[in-house]
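Chemist: Before anything else, here's the structure in question.
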Amino acid sequence: MSPTDTTPLLYSWDDQSRHQDPDWHKLRNYHGAWYRRISRRRFSQFIFAFGLMTLFVLVYSISSNLHTPTQFTGHKVRGRRGAVASEVPVCSDIGVSMLADGGNAVDAAIASTFCIGVVNFFSSGIGGGGFMLIKHPNETAQSLTFREIAPGNVSKHMFDKNPMLAQVGPLSIAIPGELAGLYEAWKSHGLLDWSKLLEPNVKLAREGFPVTRAMERVLKLPEMAHLLKDPIWQPILMPNGKVLRAGDKMFRPAYAKTLEIIANKGIEPFYRGELTNSMVKFIQDNGGIVTVEDFGNYSTVFADALHTSYRGHDVYTCTLPTSGPALIEGLNILDGYPLNTPSLAFPKRLHLEVEAMKWLSAGRTQFGDPDFLPLDHLDVVSKLLSKEFASQIRNNISLSKTYPWEHYNPSYDLPISHGTTHVSTVDSNNLAVSITSTVNLLFGSQLMDPVTGVVFNDQMDDFSIPGASNAFNLSPSPWNFIEPFKRPQSSSAPTILTDINGDFEMALGASGGSRIVTAVLDSIIKRIDMDYDIESMVASARPHHQLLPDILILESGFSKSVATRMKKYGHKVWRLKQHDTPLSQIQAVTRHHSEYYGMSDPRKYGQAAAY
């Protein structure tokens, strides 16, 4: 469709002309296979009868279902010795307490991540996995992968007949990596005793903690009703027959005992000991295929981080299977445009940003676990990260119009990812950490071992499932098919920036599934090109485009006139309403002169802390 076509490109709820647009029907069909369980719940395989507006909004609210106004309000914090940003205020405080007790940014990040797994355990915990980026001053940044791995007894066709089994239940569980990752980071970089990092979290789980507003929102979701009736979950989520509300105390005694064992004995009991036996027995009793050997064979991966330069700033991010390479591709594309000059003033600047999002989304279809990619394909991925390739891409970008999705040449279809939480930390020595962790969908597999209190992930859902092409005639990505001990692709993009002098500038990352990498890209543009302070960078409205579906989503902070102007470039625009679920949630820390600032995204009710 060209910009001169008369078909409306900006729709509202009452605009019935959208039903005449074939792309809207493609959108519905495209997501049908993956959203049988909307917002981390069981969902009928044939639920296309839902109204398109309802389906579309639900599709883009999978990671959190947290409804907040887009006129987001929050406040940055400031300190002289470091800062921590997380989605839970008490977890940011725990991180800062580690700094105050002589710990460093790695200690703070570990303690805060443990805390989120206690408090907001619908999105994170030691039953999940993730990625960490660590940057010491004057040293090469390190990427730590502790993504979950598929069990040994899997096959790539195991979910062909029923993809729902990859989203909920025992077969959806991959081998957790979070605990191994946190322990490896501590061994390599931590200063405090291991037990010190767990002590406040054991206390929270045992003595109780206030239910967050985010947790209250989750528990009110209709799809959570079955968990509230489950005899394992009910004592935690609905004690005394009443669903807990924000501010009420929640207790997790079994999880407290598990964390206490880990504090005293390290990770051995979890991967090769008493905790392993309990977890494996529970999973197998429920029909799972995870074995004790699977846990014992788990290992993390340390590697040099990926790097690019943007306007003279060094940008570091995590390696495959994250979406860090896609972030680098997007930044390399935009680095060739003077976005802060009058010639590329708004909305042309926004148009170019969206074009970069579409190209990086096409690039993501080439990604997978690097340990399972052939060498010649790794060369293909490396090409995507080069400045030369970005220059070629710019030759295929128009300053006056967008193109149909085929122009961007995606190779394969990818599953839509979900969930996550993020923590960013920095200390007085300018050691910075950016860590993203997840159990995937809400409460992961929705299975919790009553003995250990561990909530297991459903990360098998992040693999691609062989089968028919999607509504856009793209086949599932073979690079992301299930194989024993393989890690699925991830949308995570932990990121650290240094300034033109090589000094720490910012650590950031996001939660929000497939919207993570576009949120990080947008934040970097606002920080470097538009000179936003950290508060404005995090709280301002964000755009999102992931190429397929071919829809530009704008948070409601963008005016309707902006959406209309983007329409003139040929973009199909969906402008969210004020109380629609936000696209993503950023956690960021920065340094300015001798002071440190932290900002937690108010979209998820977070609060940073500084010291």
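Each Cβ is built from the backbone N, Cα and C atoms, and glycine gets one as well.
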Chemist: Looking at Swiss-Prot, Thr438, Asn440, Gln459, Asp462, Ser490, Ser491, Gly512, Gly513 are annotated for L-glutamate. Which of Arg81, Arg147, Arg206, Arg213 sits in that same site?
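Modeler: Matched candidate out of Arg81, Arg147, Arg206, Arg213, per Swiss-Prot for L-glutamate with Thr438, Asn440, Gln459, Asp462, Ser490, Ser491, Gly512, Gly513: Arg147.
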Chemist: If you check Swiss-Prot for N-linked glycosylation site, which of Asn297, Asn473 comes up?
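Modeler: When Swiss-Prot is consulted, N-linked glycosylation site appears for Asn297.
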Chemist: Over all shown protein chains, what is the count of other CB atoms within 10 A of the CB belonging to Gly513 (L-glutamate binding site)?
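Modeler: There are 26 such Cβ atoms around Gly513 (L-glutamate binding site).
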Chemist: For Arg147 (L-glutamate binding site), name the DSSP secondary structure in the helix/strand/coil scheme.
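Modeler: Looking at the DSSP assignment, Arg147 (L-glutamate binding site) belongs to neither helix nor strand, so coil.
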Chemist: Would you mind pulling the longest C-alpha to C-alpha span across Arg147, Thr438, Asn440, Gln459, Asp462, Ser490, Ser491, Gly512, Gly513, which the record has binding L-glutamate, in angstrom?
Modeler: 17
Chemist: Find the one among the recorded positions Asn138, Asn153, Asn297, Thr420 whose C-alpha lies closest to that of Ser491 (L-glutamate binding site).
Modeler: Thr420
Chemist: In whole Å, how far does the CA atom of Asn396 (N-linked glycosylation site) lie from that of Asn440 (L-glutamate binding site)?
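Modeler: Here the two Cα atoms are 35 Å apart.
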Chemist: Can you tell me the three-state DSSP label for Asp462 (L-glutamate binding site)?
Modeler: helix
Chemist: In angstrom units, rounded to an integer, how far apart are the Cα atoms of Thr420 (active site, nucleophile) and Asn440 (L-glutamate binding site)?
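Modeler: The Cα atom of Thr420 (active site, nucleophile) is 6 Å away from the Cα atom of Asn440 (L-glutamate binding site).
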